[in-house]
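As recorded in TrEMBL:
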type: ACT_SITE; residues: ASP92; note: active site, proton acceptor
type: ACT_SITE; residues: ASP271; note: active site, nucleophile
type: BINDING; residues: ASP92, SER93, GLY94, GLY95, TYR96, ASP146, GLN194, GLY221; note: substrate binding site
type: DOMAIN; residues: 12-372; note: domain 'tRNA-guanine(15) transglycosylase-like'
type: REGION; residues: 252-258; note: region 'RNA binding'
type: REGION; residues: 276-280; note: region 'RNA binding'
Amino acid sequence: MTFDLKVTDPNSKARAGKLTTDHGVIETPIFMPVGTVATVKGVHQRDLKAEINPDIILGNTYHLYLRPQTDVLEKAGGIHKFMNWDRNILTDSGGYQVYSLSANRKIKEEGVKFKSHIDGSYHTFTPENVMEIQRSIGADIIMAFDECTPYPCDYRYAKRSMHMTHRWLDRCINHLEKTPLKYGYDQAFFPIVQGSTYKDLRQQSAEYIANAGAVGNAIGGLSVGEPAEEMYGMTEVVTAILPEDKPRYLMGVGTPINILENIALGVDMFDCVMPTRNARNGMLFTAHGSINIKNLKWREDFSPIDEMGITFVDTEYSKAYLRHLFSVNELLGKQIATIHNLGFYMWLVREARKHILAGDFTTWKNKMVKQMDNRL
Ligand code: GUN
């Protein structure tokens, strides 16, 4: 994987870059739609490409390990062939899902024993087997196995957990070197900064992660309930330390405003379930704020979903029709809303890139943040 930094914004730490892997080019800043179980929920791969056009999507080790399981993915020839997606894929390591989804998890130095949220069966993730599982899944970018601390988190726990994440990182790197690639294309490995909301821990962790010398770096443990200002403070501390010439990925973030603010702090890559999950609940993101399409207010509003017309659904369907689909709980409503939201998120990061390249990112960002901080 290579990363070319094209332009840095003169008035912020925003950057525009270009990541190249064996599955193609990723222009940064980028938003990666979440496709947890090898599907971006409700969107055909054909529509995903034609309408939303992401350079990269995300999958989850935790889910794919449980279902369809790695033997199926191996027999298919890897996740790209299995799901018919020939562009980039990133897999998260399970270092988040194991804490947020499974019951009865036990975290020890060796790894995490957890109970499946599907059938209650017991499994263990270690830094070693998570590297092997991610080799079998076959994403282009694979993540270190870490512990994502909750918010709030007391200092002593955060410190102990951060050191364990660092030791786990060393074990990931050692094991990865011994685990051959399975499908003939390369996999880039990203370590993850932790340290909760403590500045000194974040600094220490960012230094440790930077020293690992990976091709890209991630920031974890944020957007877990802390106020946005606290998140921005931590991002700022970390991006000041992580190497300039490597991509930086802020995991699980966030709202359109969070994304723009973090781009301004030097983040290049984002993922979040928000545009897809909230779409399924009838929440639409637009350049002028968010909409709850289920509200009575839209009952007789026959105007297009979004005048901007980023994707076909925005102009082919009205707000009243989409509201109706939600009120009768039709599948198509969720699909339309998902395509709209992902189209909007992709538009937002592409506009951000354009403005970074044009040199007026900060002015544009401040205007957009003000404009989007609104409920329609
Ligand atoms: N997704 C969101 N936050 C995190 C994190 O801290 N670690 C991992 N592995 N995934 C995440």
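The backbone N, Cα and C atoms fix where each Cβ goes, and this holds for glycine too.
Annotations in TrEMBL come from automatic prediction, not curation.
Small disclaimer: the values here were computed from a predicted structure and weren't measured.
Sequence features, as recorded in TrEMBL, placed on the structure.
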residue: ASP92; record: active site, proton acceptor; DSSP (3 states): strand
residue: ASP146; record: substrate binding site; DSSP (3 states): coil
residue: GLN194; record: substrate binding site; DSSP (3 states): coil
residue: GLY221; record: substrate binding site; DSSP (3 states): coil
residue: ASP271; record: active site, nucleophile; DSSP (3 states): strand
Shell of the substrate site beyond ASP92, SER93, GLY94, GLY95, TYR96, ASP146, GLN194, GLY221, same chain only (C-beta within 8 angstroms of their C-beta centre): MET143, ALA144, PHE145, GLU147, CYS148, ILE192, GLY220, MET251
Those residues of the chain, 6+ apart, with a Cβ under 8 Å from that of SER93 (substrate binding site): THR61, VAL130, GLN134, ILE142, MET143, ALA144, PHE145, ASP146, ILE192
Neighbouring C-beta atoms (10 Å sphere around the C-beta of the residue listed as 'active site, proton acceptor'): 30
Separation of alpha carbons, ASP92 (active site, proton acceptor) and GLY221 (substrate binding site) (Å): 13
Other CB atoms, at most 10 A from the CB of TYR96 (substrate binding site): 22
Three-state composition of the region 'RNA binding' (252-258), taking helix and strand from DSSP: 3 helix, 0 strand, 4 coil
Surrounding CB atoms that lie within 10 Å of the CB of GLY221 (substrate binding site), all protein chains: 32
Residues that sit under 8 angstroms from GLN194 (substrate binding site) by C-beta distance, when 6+ apart in the chain: ASP146, GLU147, CYS148, THR149, ALA158, SER161, MET162, THR165, LEU201, SER205, GLY220, GLY221
Close-lying recorded positions around ligand 1 among SER93, GLY94, TYR96, ASP146, ASP271, where CB distance stays under 6 Å: SER93, TYR96, ASP146
For the region 'RNA binding' (276-280), residues assigned helix / strand / coil by DSSP: 5 helix, 0 strand, 0 coil
Maximum Cα-Cα separation in Å among residues ASP92, SER93, GLY94, GLY95, TYR96, ASP146, GLN194, GLY221, which the record lists as binding substrate: 15
